[in-house]
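J.: My questions all concern the structure below.
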């Protein structure tokens with residue numbers, strides 16, 4: 001009908017107002033919170049297969065771990081309304097996301113069943129908040145005309161998260177197989193033989209398995225220092241003892257105080273003293289190259305024995321040069337110092353760190369090296385901070401005679417404590433262990449059959 005001569009359109013107004021995309025963006029971001037929840041739910045379906053195997057869980061423990069997230073949600077579901085009122089809808093969603101991310105990280109770092117359950121509790125708390133606050137936020141921010149469509153994004157995102165969780169399970173399973181192949185390929189390129197590559201890969205797998213079953217981190221320190229097995233005790237004593245003896249033989253005293261030693265020998269010219277130290281540094285550097293070329297051909301232990309014996313003889317000679325005196329004292333002293341750095345650098349210096357890294361089992365290698373290195377550095381500090389005082393108390397020749405006796409003791413230590421047991425193409429370090437422990441505590445290194453490692 002027309003009231004003033006105009007006709008009314010039968011289908012309403014000719015044009016509708018443009019859609020507001022801001023609510024759509026807000027709803028999408030809010031729904032992504034539930035995508036995280038769906039991902040956490042689904043990813044456990046695949047992860048539980050590996051968790052059960054690696055942590056040795058029973059069927060009951062596995063089902064409790066997998067389903068506990070729903071039970072853990074209850075507390076946060078009941079508290080979500082109050083949290084949404086206090087923090088606001090947006091603040092409560094941010095808190096839910098923080099819990100979900102923290103729970104996922106905690107699950108990835110969990111090293112025991114109790115830690116995994118605690119991580120599951122954190123994830124459940126975030127999921128409970130998301131289940132309550134996200135629908136409320138979406139309903140409140142959506143315009144009436146599109147509320148139904150936008151509310152459906154919540155369920156869509158949950159299912160997208162579930163799909164991503166299933167997909168990631170499959171991807172990691174495939175990559176785990178490819179990861180072994182890639183690792184074997186790299187080890188084949190860095191090993192002498194295919195058998196050596198397989199052995200090293202198996203050792204890596206055992207170390208990873210031990211760390212994931214709760215024997216890594218603090219368990220490694222406990223295994224080394226609190227309740228060490230006979231094998232661990234012996235190998236740790238070897239590496240820490242060598243680090244101690246290396247520094248206690250007086251290398252730091254020579255490096256830091258050789259100008260004082262040369263002056264004590266009768267060299268009055270500062271230029272001559274400092275020139276002699278340059279010669280010491282040059283000879284030391286060249287000698288290390290000798291060790292580099294000989295260590296693989298002659299073996300570690302023969303070089304260590306020759307080096308420690310040479311260090312002891314050179315230190316004794318240095319003590320004698322300073323004690324006996326005479327016109328030839330400066331030359332004798334310099335020659336003794338040069339002999340010392342040559343003997344030290346062809347074995348005792350560069351081979352101790354290499355030996356320490358080689359004989360430690362993979363699962364203990366990083367922490368064991370830390371312990372041994374700490375022992376060496378403390379000894380080094382003790383020597384460097386007491387040399388002048390010790391020389392004043394027992395004379396400088398007395399100091400070097402003491403260092404000579406330490407080096408002689410190091411030679412005995414290498415001969416008696418670092419012996420190889422077993423023979424054949426594979427150089428095997430065997431320790432007194434029950435038969436079932438040998439697989440974890442035998443260190444094998446490829447070497448020439450005719451050489452002693």
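Cβ coordinates come from backbone N, Cα and C, glycine included.
Just lifted these from TrEMBL, have a look:
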TRANSMEM  21-42  transmembrane segment
DOMAIN    26-422  domain 'Major facilitator superfamily (MFS) profile'
TRANSMEM  92-111  transmembrane segment
TRANSMEM  117-137  transmembrane segment
TRANSMEM  271-291  transmembrane segment
TRANSMEM  303-323  transmembrane segment
TRANSMEM  329-353  transmembrane segment
TRANSMEM  400-418  transmembrane segment
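How about a rundown of where these features are and what they're close to?
T.: Below 8 angstroms of C-beta separation, residues 30, 33, 36-37, 40, 47, 76, 80, 83-84, 118-127, 129-130, 133-134, 137, 211-212, 214, 216-217 of the same chain, each at least six residues beyond the ends of the transmembrane segment (92-111), sit close to that stretch.
Residues 26, 30-31, 33-34, 36-37, 40-41, 64-65, 68-77, 80-81, 83-84, 89-90, 92-93, 95-104, 106-107, 109-110, 151, 154 of the same chain lie 6+ residues outside the transmembrane segment (117-137) yet bring a C-beta within less than 8 angstroms of a C-beta in it.
Outside the transmembrane segment (271-291), and at least 6 residues removed from its termini, the chain residues within Cβ reach (under 8 Å) are 254, 258-259, 262-263, 303, 334, 337-338, 341-342, 344-347, 349-351.
Long-range Cβ contacts of the transmembrane segment (303-323) within its own chain (Cβ-Cβ under 8 Å, at least 6 residues beyond either end) map to 242, 245, 249-250, 261, 264-265, 291, 294-295, 329, 332-333, 335-337, 339-340, 342-344, 346-349, 351-352, 355, 395-401, 403-405, 407-408, 410-411, 414-415, 418.
Within the chain carrying the transmembrane segment (400-418), a Cβ under 8 angstroms from the stretch's Cβ atoms is held by residues 234, 237-238, 241-242, 245-246, 248-250, 253, 301, 304-305, 308-309, 311-313, 315-316, 318-319, 322, 348, 355, 390, 394, all 6 or more beyond its ends.
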J.: Which bits of the chain, at least 6 residues beyond where the transmembrane segment (329-353) starts or stops, bring a Cβ under 8 A of a Cβ in it?
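T.: Contacts with the transmembrane segment (329-353): 242-243, 246, 249-251, 254, 258, 261-262, 264-267, 276, 279-280, 283-285, 287-288, 290-292, 294-295, 300, 303-304, 306-311, 313-315, 317-318, 321-322, 373, 376, 407, 410.
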J.: Averaged over the domain 'Major facilitator superfamily (MFS) profile' (26-422), what pLDDT does the prediction give?
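T.: The answer is 82, the mean pLDDT of the model over that range.
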